[in-house]
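Trainee: Next up is a structure, given as structure tokens.
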């Protein structure tokens, strides 16, 4: 397998066979492919559009090479990690949703990193509220079990990514690596709310997660480009549940929520993102809380803590109103800081 031959095939708009893609990803992850070639391959795949097989093969390799977290009871384990790269610069909706889901007794294995293309990544905002990021796999497993939520700082678990990280940073555009992060949860969460930057990826990633053994997942893309369930208009959903995939569209009005432009959710800095996150967890009414209700409700549903998405939204509303979601945030801050003393 020569990367040059694979690149030539990609430029002809042809798919890379599964085994060759596995071999290529292992070579990239071990530093045996030059930065220039890695950049060319990632750009070529993006222009061709990555296939289900290519994505699944690459995710399989990343899963093999990742540090793993063992959570004793993982039936209700859920991740709310999205691809990012939507260019919308909203506050950290999936991070806020993670605390609400944890308050609803879902076990949240939140996976994420620093910002690549947004104003604040999940790691940036969690650090800003006082959470210690550098925890061991055992400590995070304990956090998930005892607090109900743990945060896995992606660079600490995907050491093999160090070879591709400089290329990804320098390119500054969405590539296969944006897609892989949410498919490679170190705790092996089989339930996911996964936001994507492109509508076409909803069905593709549902198929990839099916092949990778997921249990219940919702892959979502807002009509405004948001890699979340949006409140500004329709959201395209591909839902994987017990081996079946169903595709449909929802509107905020379906859940009794008012349609609002996403400009009110945009931030210019990590501190802006922190302030908006805390405002939601303080249950301040408005578009930020509404969009978290939609997304947290979906996370609660896929985690098996609600029989329907609508019920999940009502549970989310209750957990914000009671202060339980904010308590989860405070508990995680306390737990993570105990580890450093």
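Counting begins at 1 with the first residue displayed.
Yeah, the Cβs are placed from backbone N, Cα and C, and that goes for glycine too.
The feature 5-phospho-alpha-D-ribose 1-diphosphate binding site is assigned by Swiss-Prot to 82, 85-86, 90, 92-95, 110-118, 122. Taken from Swiss-Prot, the feature anthranilate 1 binding site applies to 82, supported by sequence analysis. Annotated Mg(2+) 1 binding site per Swiss-Prot: 94, 228, in sequence order. The anthranilate 2 binding site annotation in Swiss-Prot covers 168. Taken from Swiss-Prot, the feature Mg(2+) 2 binding site applies to 227, 228.
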Trainee: If you count the other Cβ atoms within 10 Å of each Cβ, which of the binding-site residues 111, 114, 168 comes out on top?
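Mentor: Answer returned by the neighbour count: 111.
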Trainee: Between the Cα atoms of residue 82 (5-phospho-alpha-D-ribose 1-diphosphate binding site) and the residue listed as 'anthranilate 2 binding site', find the distance and write it as a whole number of Å.
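Mentor: Roughly 17 Å, rounded to the nearest whole number.
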Trainee: At the level of the C-alpha atoms, what whole-angstrom distance separates residue 227 (Mg(2+) 2 binding site) and residue 90 (5-phospho-alpha-D-ribose 1-diphosphate binding site)?
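Mentor: On Cα coordinates alone, these residues lie 10 Å apart.
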Trainee: Taking only the binding-site residues 90, 94, 111, 114, 228, which one has a CA atom nearest to the CA atom of residue 168 (anthranilate 2 binding site)?
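Mentor: Closest recorded candidate to residue 168 (anthranilate 2 binding site) by Cα: 114.
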Trainee: Sorted by position, what residues of the same chain at least six away from residue 94 (5-phospho-alpha-D-ribose 1-diphosphate binding site) have a C-beta under 8 A from it?
Mentor: 80, 81, 82, 122, 193, 195, 228, 295
Trainee: Around the Cβ of residue 227 (Mg(2+) 2 binding site), how many other Cβ atoms lie within 10 Å? Please give the count over every shown protein chain.
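Mentor: By my count, 28.
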Trainee: Within 10 Å of the Cβ of residue 82 (5-phospho-alpha-D-ribose 1-diphosphate binding site), how many other Cβ atoms can be counted across all chains shown?
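Mentor: Neighbour count, Cβ to Cβ under the 10 Å cut-off: 27.
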Trainee: Tell me, by DSSP, whether residue 94 (5-phospho-alpha-D-ribose 1-diphosphate binding site) is helix, strand or coil?
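Mentor: SS state of residue 94 (5-phospho-alpha-D-ribose 1-diphosphate binding site) = helix.
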Trainee: Once the chains shown are all counted, how many other Cβ atoms turn up within 10 Å of the Cβ of residue 90 (5-phospho-alpha-D-ribose 1-diphosphate binding site)?
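Mentor: There are 25 of them.
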Trainee: Under a three-state reduction of DSSP output, how is residue 111 (5-phospho-alpha-D-ribose 1-diphosphate binding site) classified: helix, strand, or coil?
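Mentor: The residue in question, residue 111 (5-phospho-alpha-D-ribose 1-diphosphate binding site), is strand (DSSP, three-state).
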